[in-house]
Amino acid sequence: MSDGLFISFEGVDGAGKTTQVQRAHDYLQECGLRSQVTREPGGTPVGLTIRELVLHGLAAFPSVAVTGGTDVVDASDDLAPRTEALLYAADRAEHVAQVVRPALDRGDIVLCDRYLDSSVAYQAGGRDLSADVIRRLSLWASQGLLPKRTYLLDADPSQSKSRLDHEPDRLESAGDDFQQHVRQAFLQLAQREPDRFLVIDATQSIDRVWQVIQDDLDKLIEGREPDLPQVDDENDDADADAQDDADDDESTAGYEDDGQDAESDWTEAADRSDQASEADDDLQGQLDDEQDDQSMDAETVGGDADDDSIPVDSPARWLLRSRLLRKTR
Ligand code: TYD
């Protein structure tokens, strides 16, 4: 079984996710661990195409707008909310299948700049679709894959948007109310899954935010084997022993695959949603209801990051610990 570790970074636009993802990646590599940075939307070639469409609408494909257009559709038309939700789900399906799951299966640490919670926060919280349906759609697309840890960089959108260093895209220019709803939706999600989420005040300095993430990462990676081929260490014997330990390690993955349940739950949720009279736009109510859904909650329980299968005196653990201790905080 794989012992990959899946970590996502979430927050409103301009909260500083990308900077922290990069710091985490650099740090993990310094610790001798294999980590991979990826993002949604756009973590695959197919996803990059979807990204253009969701961020810039049909304006990103002017030739399609002209040749495939009709009198009632032109490049300035916005996407229908359900179309947008399905496009993000399609991006996620491709991304998980082609990038995230293979990396986890190799035992890598995957750092993802936005994931499923963005869909619930933006497409449900921001667009008034059902949070329940959006979540289940995403779980269906990802075959039930949830991160072991999600860092929510929380900031008031009126503050964070001043950090944006590019022209606002469709979502970023959707208005202050939209962004405020998105922020609240993220906070409600975090409240609902306190074991997975770590909420961090993103209005602090970059270094303070990183400090919180680094401390938490240290706990998550404690006991993980350094990727020994990358380790520049003079003690060859220790390296060889540590590699043996790595080969023996049967520790569990940082995620749990329950795609079958996700699929049936999604279908049921879609049926229920279709039967519902008018859209229930109370996100909090939906999230509270969902809390009773044990089958979904089971998926939030990933592998055991505190796995103690590596002996305390193993060379790998010693190497990692000594590296961590050397770090100035
Ligand atoms: P992001 O890559 O963070 O944008 P940028 O690089 O410009 O900061 O995300 C792109 C936008 O897509 C962002 O506004 C949030 C939105 N989004 C959703 O609406 N739903 C989703 O599921 C995801 C992953 C992103």
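Quick reminder: no glycine exception, Cβ is built from N, Cα and C everywhere.
TrEMBL lists Gly11, Val12, Asp13, Gly14, Ala15, Gly16, Lys17, Thr18 with the feature ATP binding site.
Positions annotated as compositional bias 'Basic and acidic residues' by TrEMBL: 162-173.
As annotated by TrEMBL, compositional bias 'Acidic residues' applies to 230-268 (among others).
What TrEMBL lists as compositional bias 'Acidic residues' is 277-296 (among others).
Positions annotated as domain 'Thymidylate kinase-like' by TrEMBL: 9-55 (among others). Over the domain 'Thymidylate kinase-like' (9-55), the average per-residue pLDDT in this prediction is 96.
Under the heading domain 'Thymidylate kinase-like', TrEMBL lists 76-211 (among others).
Sequence annotations record features per position, and here TrEMBL assigns region 'Disordered' to 156-176 (among others).
What TrEMBL lists as region 'Disordered' is 224-316 (among others).
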Near ligand 1, which of the binding-site residues Gly11, Val12, Asp13, Gly14, Ala15, Gly16 have CB less than 6 Å from any of its atoms?
Asp13
What is the number of residues in the domain 'Thymidylate kinase-like' (9-55) that are helix, strand and coil, as DSSP sees it?
25 helix, 8 strand, 14 coil
Let me know how many other Cβ atoms fall within 10 Å of the Cβ of Gly14 (ATP binding site).
20
Which residues, same chain and not among Gly11, Val12, Asp13, Gly14, Ala15, Gly16, Lys17, Thr18, have a CB within 8 angstroms of the centroid of the CB atoms at the recorded ATP site?
Leu153, Ala155, Ser160, Arg163, Ala202
Using DSSP, how many residues in the domain 'Thymidylate kinase-like' (76-211) fall into helix, strand and coil?
77 helix, 16 strand, 43 coil
